[in-house]
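Colleague: Below are the features listed in TrEMBL for this protein:
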type	residues	note
REGION	1-72	region 'Disordered'
COMPBIAS	63-72	compositional bias 'Low complexity'
TRANSMEM	91-111	transmembrane segment
TRANSMEM	123-143	transmembrane segment
TRANSMEM	152-171	transmembrane segment
TRANSMEM	177-200	transmembrane segment
TRANSMEM	207-229	transmembrane segment
TRANSMEM	241-259	transmembrane segment
DOMAIN	290-519	domain 'Major facilitator superfamily (MFS) profile'
TRANSMEM	294-313	transmembrane segment
TRANSMEM	333-350	transmembrane segment
TRANSMEM	362-381	transmembrane segment
TRANSMEM	387-411	transmembrane segment
TRANSMEM	423-441	transmembrane segment
TRANSMEM	453-475	transmembrane segment
């Protein structure tokens, strides 16, 4: 995370006056102040992502040399924003992670006993949906920078609502590729990413903890939704179940209005006070400069390399249990175990990440991928249902660790100003393996008659990706040392030379004038 210079706390009405030297004449520098019941009104130099909401009118501080940037408030309205973001994570990924229940229902509803590629075709619905959530992220980050978190999140939730509702009226599997796999997923993507960015407006010191709480929302929904979906599907069918899920998206639509920004977005900056909007330069819209950071490049390609098998258990584990144990066991219990320990992992490791300095947080992800890969390989070895429960408990714990520290790591590698698009590019690259993995597993099941090989192969990529990520802290530290050792730029050198020449002239002219006055 980019370092923020320290500054004195804002002086309240009842504070004693500060004893300081008289300030030099010049334009006053606006300091951060508390208004509206203690809510922070920061200046323009916040170390937070540069996205806000055009409808707000943030107060811009007059920049001056040596002026310090305002810190995020670490609370206040931020707690409401945190709860809204928590609901967003729950609604989006609770539905996505419960796709195993929907997958089995789709096989029964649209299945044909003569179709030898049924699992392959049906898996595309869930994997395409999860992949599109991440594939749209680079575009979402651009829109978030341009128009702010609030508008993007609200419109995204509305689109997701429309996609999910339209999915309840299809009669074959093919339309679901568009209504559920594309339209619903794109809406979820536009609603999800602003929930990550807006947290940086309100929190810095507690960002790891807050991210853990927010991402735990998906765990709470993952725990409860499978059982709710099973009851609904058995009682009212798949179509009406999808209509019930639309209620979650409508609440998400309302939650997006709470994303009150604390910094101006690109529209506010470019349009000025007149409100005329002009698109900023192309370099500001698509900020590919984050890829100049070597540690970020390694991270952005190492994470996707680890995720080719990540989503396979979520899609195919329910069907694997049915194939191996029949109807004698409640397979939804496995998603319950995944959800509970994932939530615990997000809370625990989110807090732990706050105490790990700099890019060394990446080591938590390395450990996570190692255990996730190992647990995936152990799924076929479990011939007792209790063994599968133990595997899912460990897998969920480290899944929570991996997810909750993504945003803090992005802050550390690229700094607060570039974190929005840095997360967007990463999620976009993640979409490829998460889309491809489950259909390949389904294809292996169709040809081999079992999921064993699919789960063995799903455990290999996390081990490879974790090995790649190990070098990031070392690379990042070397980059920081090089930046500190860099000479000052040409403009600064020129100014220093001018000042030095001025001092030389002053020291030489003074004795000459004294001699002339003496004569």
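Just so it is clear, glycine is given a Cβ too, placed from its N, Cα and C backbone atoms.
Note: TrEMBL annotation is automatic and uncurated.
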Colleague: Decide whether the stretches the transmembrane segment (91-111) and the transmembrane segment (294-313) have at least 3 CB pairs under 8 angstroms, with pairs required to be 6 or more apart in sequence.
Modeller: no
Colleague: Could you please provide the mean pLDDT value for the domain 'Major facilitator superfamily (MFS) profile' (290-519)?
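Modeller: Overall, the domain 'Major facilitator superfamily (MFS) profile' (290-519) comes to a mean pLDDT of 81.
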Colleague: Between the stretches 177-200, 241-259, 362-381, 423-441, which wins on the count of C-beta pairs under 8 angstroms to the transmembrane segment (123-143)?
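Modeller: Looking only at 177-200, 241-259, 362-381, 423-441, the most contacts with the transmembrane segment (123-143) come from 423-441.
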Colleague: For the transmembrane segment (241-259), could you work out the same-chain residues 6 or more beyond its ends whose Cβ comes under 8 Å from its Cβ atoms?
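Modeller: Non-local partners: 53, 77, 80-81, 84, 87-88, 90-92, 94-95, 105, 148-150, 153-154, 156-158, 160-161, 164-165, 167-168, 187, 191, 194-195, 198, 229, 232-233.
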